[in-house]
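What follows is a short report on a single structure.
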């Protein structure tokens, strides 16, 4: 047996004492109404905080005591005792799960800060989540970090910081901002640097950041963006290196002003002004995340008009997660936005950094409805809209797959014509014969989509999925080419 194995074995011996509960226990903590049995000698040996606490001294400043959320100090000599005479000490400063993690580390020097995979967590609505970088995992790590700092267990604090630094690389921007705030509050410079750069790269404008972060942090993020912009310009092979720094500052401010003007124009449905900015001022719609903004904040008509300018990439990935406008429309459960994006050749199979497609998002939301019903966080979603979104994206993926298969089997000739392949079923103006032809080519919904269709309890009404001229119900899997504008 190696030295490392021997040390690990000794650590597990201590951990077994904690797991076995009352065996040789001489102190009991009450956390969230649950009793945790422990051993004063081990806690005092591993933690200066507990050593001072158990010593108890007459001077409150000399003995930290256990402090609850109201700031009341608990004196061990005055604490109640259990039936067998063991001290029962109330702990209100941390939760039960975090307190157990803290004790596990004190007993063994080892701990896993990631929640159990696939278990239901309060801040994670995704079934089957591995909890590696979701909101629940980030919250647990932040709580553990706060507890480690509170109880003075610096080794655990360092371990948790490394864990968080790994998590934020794949976490949502909202969670990154939470970690950013914690790193500033607890003066963790390395974690601050990592998170601030991720927020700076997110593309979120200052007015959005200001809703989540203090104004001084927003100012630092903008300063980082400015430095990054200057660095990029200095690497460009042109002759403008002699420009004064304040000229570069002015250029960066000008870009920010352009983006703000563009968003105001989109908010007021003035796409013509956006067009003038593209043609006359060189506005880059992709870098300004114009389409992402329009999908999330504007009407379908504005998004459609923006796409028809031909200056925006419908599949442009944004932020650390690499979400496209179609990902955002899927998360919003907006059939209108999904339809207009697919009509302009949005890729239904495009993946984020985490390999998530728009179809994955809709399937996850659908399974949540089927297995959980309306749950907190999903109450704003209408089942009919969710069904339509799922059908649109599934059928678009099916058409794309078949076209790719046909292209591989039959190399295109010089006379081949490419047509738009997606069409919103609610706006179909073709006659019955056209629909029948397309139905023969595309086929029916697959079994998965039919199950979703039935389970959500939605029926296709004549006002939703019918042919306007022929008067018959349209196949929900049909996405015809339309010769008219929406």
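Every residue number used here counts from 1 along the chain in the order it is shown.
Yeah, the Cβs are placed from backbone N, Cα and C, and that goes for glycine too.
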Taking 372-394, 464-486 as the choices, which stretch does Swiss-Prot tie to region 'Disordered'? 464-486
What range among 121-135, 136-150, 151-165, 166-180 does Swiss-Prot record as zinc finger? 121-135
Quick one: what's DSSP say for residue 124 (Zn(2+) binding site), helix, strand or coil? strand
Tell me the Cβ neighbour count for residue 134 (Zn(2+) binding site), meaning other Cβ atoms within 10 Å of its Cβ, over all protein chains shown. 22
Over the span of the zinc finger (121-135), how high is the average pLDDT in this prediction? 73
Starting from the Cβ of residue 131 (Zn(2+) binding site), draw a 10 Å sphere and report how many other Cβ atoms land inside it. 20
